Amino acid sequence: MDSSAVPTNASNCTDALAHSSCSPAPSPGSWVNLSHLDGNLSDPCGPNRTDLGGRDSLCPPTGSPSMITAITIMALYSIVCVVGLFGNFLVMYVIVRYTKMKTATNIYIFNLALADALVTSTLPFQSVNYLMGTWPFGTILCKIVISIDYYNMFTSIFTLCTMSVDRYIAVCHPVKALDFRTPRNAKIINVCNWILSSAIGLPVMFMATTKYRQGSIDCTLTFSHPSWYWENLLKICVFIFAFIMPVLIITVCYGLMILRLKSVRMLSGSKEKDRNLRRITRMVLVVVAVFIICWTPIHIYVIIKALVTIPETTLQTVSWHFCIALGYTNSCLNPVLYAFLDENFKRCFREFCIPTSSNIEQQNSTRIRQNTRDHPSTANTVDRTNHQLENLEAETAPLP
């Protein structure tokens, strides 16, 4: 997710389990995972502890809130990783597998699932980094993990903006929507969203590197001199372009849609189409709302930290990691939302998880028809096979 502003070494305590003194706090340019949003807050022993005097007592012993925080975050990251990977890959499979799912809206959902699947795949690396207090995976993986965080953040919010504009066109300009809202156009727009995200993702990939510090390795972003200026500039740009502007666009689109839905009884000539239109609009609105709820705390926290000095306390550290975890949690929530809010996704998920005899028959029938087209001479054999299957079903059918 947002790897843009947090220290790379999520735990700058050289080993809270074995040592009683904290290593120096990360430098302003050091970042890790979502914590990349703020260069000083990823130390579970408490940010900038050495600035307060470097006393041994400032690094909590085993069993203290820092260890509880570490265990809690590890458990949460594990759940998010498993649910996020399985759920998002299932969403992508369903959209690719079923022809009826290849709509413009679902093409955007595929893009969102791809970005979420990529970022959840980085959580095991970040968890190891957090627990060990060092980055053991090398420079290349460091660059990949940090850039994926940024790509996910920007691609996700750009895709949600696109979905909101798409819904606005479908609801408020249904005639124009016939030409604009096509799967082909949706795929082109998805590619454009990834290209736009590269404006941040690629520079971050080049800036990411590993540095040796006090016996440990940090996966960090390096800034040109003066580093404080470029670091804060990056935070402000992320806040504006990955949060403020997209939220304003989404708010305007849904404000206009709500006015339209209230003023018009029938959006189309069919009650069924009208019901589907409102249902899909509601689903997209919920997905957008959940995204904003999950990402608002970390964006606000980072921008406040960039502008004012926040006292270093255990509560601050716990709050910081909670904001990071909340941002990552969003990546596993979307598949759950689709399953509850969209009947088509719900049906396809059910068919995938619990194959029924009718689904198997339908798949076999599809394969048989395909084989018949490829080999016309086998048509008679296929007919006989179908007849035998029908007889077998009649024989094995339960008695009334």
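Glycine is no exception: its Cβ is also placed from the backbone N, Cα and C atoms.
Here is what Swiss-Prot says about this protein:
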type     : residues      : note
TOPO_DOM : 1-68          : topological domain 'Extracellular'
CARBOHYD : ASN9          : N-linked glycosylation site
CARBOHYD : ASN12         : N-linked glycosylation site
CARBOHYD : ASN33         : N-linked glycosylation site
CARBOHYD : ASN40         : N-linked glycosylation site
CARBOHYD : ASN48         : N-linked glycosylation site
TRANSMEM : 69-93         : transmembrane segment
TOPO_DOM : 94-106        : topological domain 'Cytoplasmic'
TRANSMEM : 107-131       : transmembrane segment
TOPO_DOM : 132-142       : topological domain 'Extracellular'
DISULFID : CYS142-CYS219 : disulfide bond
TRANSMEM : 143-165       : transmembrane segment
TOPO_DOM : 166-185       : topological domain 'Cytoplasmic'
TRANSMEM : 186-207       : transmembrane segment
TOPO_DOM : 208-230       : topological domain 'Extracellular'
TRANSMEM : 231-255       : transmembrane segment
TOPO_DOM : 256-279       : topological domain 'Cytoplasmic'
TRANSMEM : 280-306       : transmembrane segment
TOPO_DOM : 307-314       : topological domain 'Extracellular'
TRANSMEM : 315-338       : transmembrane segment
TOPO_DOM : 339-400       : topological domain 'Cytoplasmic'
LIPID    : CYS353        : S-palmitoyl cysteine
REGION   : 364-400       : region 'Disordered'
MOD_RES  : SER365        : phosphoserine
MOD_RES  : SER377        : phosphoserine
- If one measures from the C-alpha of CYS142 (disulfide bond) to the C-alpha of the residue listed as 'S-palmitoyl cysteine', what distance in angstrom results, rounded to a whole number? 36
- Residues sitting near the transmembrane segment (107-131): Cβ under 8 Å, six or more positions beyond its termini, same chain? 1, 8-11, 32-33, 44, 70, 73-74, 77-78, 80-81, 84-85, 88-89, 91-92, 95-96, 137, 141, 144-145, 148-149, 151-152, 155-156, 159-160, 162-163, 166, 183, 186-187, 189-190, 193, 219, 287, 328, 330-332, 334-335, 338
- Going by C-beta under 8 A and a gap of 6 or more residues, the same-chain neighbours of CYS353 (S-palmitoyl cysteine) are none
- What is the total of other Cβ atoms whose distance to the Cβ of CYS142 (disulfide bond) is within 10 Å? 25
- CYS219 (disulfide bond) -> DSSP, reduced to three states, gives strand
- Can you give the mean pLDDT for the topological domain 'Extracellular' (1-68), rounded to a whole number? 41
- Write out how many residues of the topological domain 'Extracellular' (307-314) are helix, how many strand and how many coil, based on DSSP. 2 helix, 0 strand, 6 coil
